[in-house]
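Taken from TrEMBL as is:
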DOMAIN    A:4-69  domain 'SKP1 component POZ'
DOMAIN    A:119-166  domain 'SKP1 component dimerisation'
Amino acid sequence: MALVRVISSDGAAFLVSQRLAKRSGKLKTEIETFRKSSDNSEAQPEIRIVTIRAEILRLVLQWLQQHQNDPVLPANQNEQDGRGDAEMGQSQWDRDFLAPMDLGIVMELILAANHLEVKGLLDITCKLVESKITGRTVDEIRTAFKLKSDFKGNEEEQTRLENRWCVEN
Amino acid sequence: MSWSNMASSNENESMMEVDDSSKVVSFLTAAMPPEILSKILHHLDRNSRVTLRLTSHFLKKFVDEYLGVYVVINDQTQSQDTLSFFSRVAIRKAVVERASVVPFSSLFKYPQYLDSIFIDGEVHTNFLEGLLTSCPQLRILILLGEIRGVLPQRITDNSQSFRQTLMYLKSIDIRISFSTFASNVPYEDEQQSCFNMMNFLSTFHAPLLETCCLDSWITKPYDRYKVTGVLLSFLEIHTKLKGVLVYFRMATKDFSDNVNVISYPLSDYEKQLCSRLKNLSKQLQLSTCILSSVPFSNLWEFFLKDQTRLHTLSFCDKSCSWGPCEVPLRNNWESMKVVYILLEFRFPVDFAVFSECRSLRDLILINTASREILPGIPIDLLSFDKVLSCQKLQFCAMSNIILERRDLWKLIKLADLKYLALLSSGYGFETGVNIDLLKALLGSRQLEALLIDGTVAADEAEAEKIYEMMQLTRHVDVDGTNPTETDIRAGLVVNIRPSYTSFHQWTPNPQGDGFLFNMEFDHNNP
């Protein structure tokens with residue numbers, strides 16, 4: 001089985017089958033680039049991902065492993081109307097996978113999925129964050145996302161007045 | 001596991017913004033790439049977007065200038081408050097009920113983020129020009145009203161910005177009207193409006209267009225051929241189309257002029273149209289086709305036979321020149337998922353065809369004849385057993401159609417049926433809901449929504465009782481005509497007519513913003 005070594009920003013190395021790795025658009029490109037530039041067709045590619053730490057990279061690979069038989073979605077599929085996301089749905093496995101994660105990990109996972117071009121993972125993580133916002137109050141959102149109000153003076157009140165029309169309708 | 005962790009030693013490298021004073025990592029900040037933030041927040045409902053405006057300066061700015069909100073613009077929303085709000089935020093989707101009263105630029109501060117607009121009512125050419133030259137993200141354009149004024153030459157000449165707007169357009173609805181019902185609109189203006197639209201269409205090329213809806217109102221039979229000519233030109237250059245709705249409506253009660261049937265000898269112009277229609281069947285591969293009273297209907301039938309990917313079909317024809325009894329598409333009924341049949345006259349309906357519809361998911365049978373043309377004579381469905389062989393049926397709506405009680409019972413028992421609409425009389429329950437029916441409904445645990453009207457149920461209280469007993473999560477009661485926005489907001493989209501409301505599935509928003517509209521036509525496209 002052809003393997004590829006994927007190295008995280010903090011130096012952790014993961015040996016992954018190339019078939020699995022190619023389900024990431026980014027890794028697929030890197031492997032193909034390596035093949036073109038390498039004289040030895042048997043050589044094992046090594047890919048450094050300088051923006052993703054081991055804990056997160058492990059999660060991405062774990063997700064890919066679970067979804068290795070899913071159809072690969074184009075990165076821009078239904079980007080505008082969002083039907084791709086809606087139709088995809090989440091499996092029970094996905095829900096169990098995401099359940100123990102705190103928002104910090106989820107946000108890192110989003111960035112990693114985006115960087116590695118893993119659309120399915122990007123979709124479910126984005127939807128999870130979206131669900132943490134929908135229906136929440138301002139304070140709840142601030143708490144969940146560790147946001148500090150940076151409104152000064154009556155700016156917040158002014159914004160509330162602007163919103164009034166929408167809220168009342 | 002085909003992979004293994006071989007080492008893990010270094011410190012974490014945070015990708016988030018760190019507040020040094022508290023060492024708290026914040027999310028949803030400017031440290032997030034905007035395209036990711038946009039993806040996360042893109043599907044938020046309006047209320048959540050508005051709430052986000054209050055959380056931080058950055059998110060307020062992001063919503064206002066990038067994410068946008070959905071709005072309905074009408075006479076009631078012309079207040080200073082509203083306009084002040086509009087002047088600050090990007091509007092992503094808009095339903096505009098009066099596009100003639102407000103300048104485009106005053107409503108759309110950031111037109112570059114507008115992706116869907118539904119203009120219900122007349123639109124002035126100035127507004128249209130603003131829309132067509134400054135909205136490169138526009139994907140869905142629905143023009144239900146007429147165009148007033150004359151389109152500027154720079155639009156019809158295909159200006160650069162106009163072409164840019166059309167570049168990614170996916171769907172368009174347009175009405176061509178050769179007639180008027182408004183007494184205050186001079187006939188000449190109506191004609192001008194129509195020529196405006198035809199002129200507009202003749203210069204229109206959206207290379208990625210996937211659906212088009214052409215709704216035409218005409219008074220003179222020959223006008224049908226003019227509109228057909230424009231329609232064919234439009235279809236010939238939009239070869240990526242997957243869904244087509246063509247709706248010819250006579251603005252007269254005189255149905256006797258049988259203009260659909262080809263009468264020989266054909267004029268040269270008619271011959272040319274027929275030839276183009278035949279060629280078109282080789283160029284287009286549709287998944288959805290909704291045709292109503294189209295000229296040359298028997299040629300359209302040949303056209304449909306070549307559409308091997310078709311899974312959604314509606315056909316109706318006031319002229320009786322063809323109908324469901326003639327069973328078009330004999331070869332690919334099996335793949336059909338959605339069928340609408342609008343029975344305008346008393347056809348000798350043969351529903352045997354449904355025994356072949358093993359994949360049928362939605363069935364809508366509407367008989368308007370008994371109500372509008374042949375009062376008191378509803379149509380019998382002699383072979384309804386065939387419909388009951390559609391075991392995958394999920395949505396069934398029927399209006400003015402007599403059903404035997406045993407057939408209704410069987411229908412309700414279909415394993416996958418989730419939505420049932422029974423409209424107007426004809427079930428033999430004129431005195432109210434039969435207790436057997438009620439029991440049958442109660443036994444149908446999988447039913448998620450039920451739509452009945454006042455004739456089926458004796459009164460509202462009885463209907464409420466059914467809803468209550470069934471513990472339905474969603475229900476709505478309409479009068480058998482097009483669903484209103486209120487109905488849509490109630491959470492159930494009722495596809496009971498092959499019109500724009502059914503062609504564009506309106507997605508009910510849990511927060512009550514009932515004006516998100518998505519294309520539904522290919523949701524099960526293999």
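Each Cβ is built from the backbone N, Cα and C atoms, and glycine gets one as well.
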Number of helical, extended and coil residues in the domain 'SKP1 component dimerisation' (A:119-166), per DSSP: 35 helix, 0 strand, 13 coil
Structural state census, the domain 'SKP1 component POZ' (A:4-69) (DSSP three-state): 30 helix, 12 strand, 24 coil
Mean predicted confidence [pLDDT] for the domain 'SKP1 component POZ' (A:4-69): 92
